[in-house]
Amino acid sequence: MSNEYFDPKLKIFSLNSNRELAEEIAKEVGIELGKSSVTHFSDGEIQINIEESIRGCHVYVIQSTSNPVNQNLMELLIMIDALKRASAATINIVMPYYGYARQDRKARSREPITAKLVANLIETAGATRMITLDMHAPQIQGFFDIPIDHLNAVRLLSDYFSERHLGDDLVVVSPDHGGVTRARKMADRLKAPIAIIDKRRPRPNVAEVMNIVGNVEGKVCIIIDDIIDTAGTITLAAKALREAGATKVYACCSHPVLSGPAMKRIEESPIEKLVVTNSIALPEEKWIDKMEQLSVAALLGEAIVRVHENASVSSLFE
């Protein structure tokens, strides 16, 4: 992309979830971030002011609904309403991390489908398009009646490992059956076979590794997942792979939620390196030496430009 974008009708705004990523995206596109402010009334209510005219403009709002999830979601909904009332031509939400995505179905009776509720709220507020990255459940796209561009970070993560020249004995590992499609995409790019961890989860945030489907003995394993939350799944998988004869274990994910005991578990695990993206802003206390972060700014910036110019974005899905 060029260093400067000349269409004055294109505007990019950032809320509070990931300002640093938003600045990187704006730089990739070649424009300055729009002027807005997010403040709070004395009772905690959110107040948003858009400090420039956006009448007739095509606006892109960068906001992940990561921790604090409800605060960030409410900021987004209020911002959408403000943009709609200020006569924006289109309101495009760029949500690198879609919170509540793991509540995509009724796992038990009398449970909500919160991922659908969030989609309803975003649409009802006035959004006209969504751009997002590696949703936990791809079928969430069907919860929206507006266009949604669902990008993935597989190419970015694959290129990282390809450039490290880890040898010919690579195996890409899915930590569960649900991640096989993602693992296969990476395996195809790295020209490597795949293995699958067969696990059972007795209760939320507790994972038990049961079996390894595939040959990992004498291999360098790369575990790929969409979200690492408490890191129970990924660290138990790494331990199981080493016990099965893997020589080294690397791990990567699109969304480093990293809650509770995650950092301690990763630090004490046999994982050589954990590679994550910056879809979620990480505070200093969530950094350890064996972590490395890759930026999705170029991918999201390219998507914004292509959408704005009515160009195809299909090559970004590959």
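Every residue, even glycine, has its Cβ placed from backbone N, Cα and C.
Owing to the predicted nature of the structure, the values given are computational and were not obtained by experimental measurement.
In sequence order, GLU111, PRO112, ILE113, THR114, ALA115 make up the list of same-chain residues 6 or more apart from GLN103 (ATP binding site) whose Cβ falls under 8 Å from its Cβ. What Swiss-Prot records for ASP43, GLY44, GLU45, ARG102, GLN103 is ATP binding site, and it gives sequence analysis as the kind of evidence.
The DSSP secondary structure for HIS136 (Mg(2+) 1 binding site) is coil. What Swiss-Prot lists as Mg(2+) 1 binding site is HIS136.
According to its DSSP assignment, ASP176 (Mg(2+) 2 binding site) is coil. Under the heading Mg(2+) 2 binding site, Swiss-Prot lists ASP176, citing sequence analysis as support.
Among the features that Swiss-Prot reports, active site is placed at LYS199, with the record citing sequence analysis. A strand conformation is recorded for LYS199 (active site) in the three-state DSSP classification.
Summarising the annotation, Swiss-Prot assigns D-ribose 5-phosphate binding site to ARG201, ASP225, ASP229, THR230, ALA231, GLY232, THR233 and lists sequence analysis as the type of evidence. Over all protein chains present, the Cβ of THR233 (D-ribose 5-phosphate binding site) has 24 other Cβ atoms lying within 10 Å.
Least crowded of the binding-site residues (GLY44, GLY232), judged by neighbouring Cβ atoms within 10 Å of its own Cβ: GLY44. Sparsest Cβ environment among the binding-site residues GLU45, ASP176 (other Cβ atoms counted within 10 Å): GLU45.
Comparing CA positions across the binding-site residues HIS136, ASP176, THR233, the one lying closest to GLY44 (ATP binding site) turns out to be HIS136. In terms of Cα distance, the recorded positions that sit within 10 Å of ARG102 (ATP binding site) are HIS136, chosen from HIS136, LYS199, ALA231, GLY232. When the recorded positions ASP43, GLU45, ASP176, LYS199, GLY232 are compared by Cα distance to HIS136 (Mg(2+) 1 binding site), the shortest distance belongs to ASP176. Counted within 10 Å of its Cβ, the other Cβ atoms near ARG102 (ATP binding site) come to 17, all protein chains included. DSSP gives GLY232 (D-ribose 5-phosphate binding site) a helix state.
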